[in-house]
């Protein structure tokens, strides 16, 4: 009996030591990686700022309902996103192109079923108002292109010009920057289409083994390359947007420091550009000078992103293996 008690005590002590070691290692990782405490501090400061705004700025009932709805929707969205990410981590299975297409078709089918009563009753009115691409924002409230005369601003020709510039810039960045190491955008698309044709054309076990072995050698994109591609693509849309209202600043404000530090500009110029963008968005109401300054700052940032040398977009497997071996050895 005494041996059993001592054994249970030693096991409990060993478990406590393991737990304390794990907590210590977690705290060490937390302080070694500056991204985690920075993200926590940013989230806390943002929550404090929202609390102070709600507490000390008088709102009408409509504003209060709108802000509370946004907060509740944000909480539900974060919970939903957390569940999806948890399921993804648990399964660790990526869909192929056919799985992605089937998932998108299922999402579209849900949208069609939800709007089916309106589609059956007023199909033309429902589709035209749901996808109202010809909507024109008011020139007075725009922060971007305020220096353009209002007749030109609201014209279809100006909208089509900006759309063409938007698509051309996306294509140029995708071909010469984002897909440079694959030989360009068209070379990447051709290789992906060839792989899809191999999967659909061959059904024998030998061919499937060859395809699976080639899939196992797929290279993994780095997180920096993914973030840069998404943020630069979003920034190009901001630059080419005909009308930007004040609330649209939140679309790219948090990505501005990252984008500025992806350029080769000196730090003083990065701070000057960030201050200029912030100043333009705080001019109320906006005028032709603040709007022109905002466009110039955007174009300089976009030029800096273009002139920055594209980094290797894939994870180096040899470095990852060595790091894993070092962690296991330690």
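Placed from the backbone N, Cα and C atoms, the Cβ positions cover glycine too.
Of the given residue ranges 205-224, 265-284, TrEMBL assigns the label transmembrane segment to 265-284. Which of 157-176, 177-196 counts as transmembrane segment depends on TrEMBL, and there it is 157-176. Feature annotation (TrEMBL): of 71-89, 128-146, the stretch labelled transmembrane segment is 71-89.
As a quick check, the transmembrane segment (226-245) and the transmembrane segment (71-89) miss the bar of 3 or more Cβ pairs under 8 A, pairs 6 or more apart, so the two do not touch.
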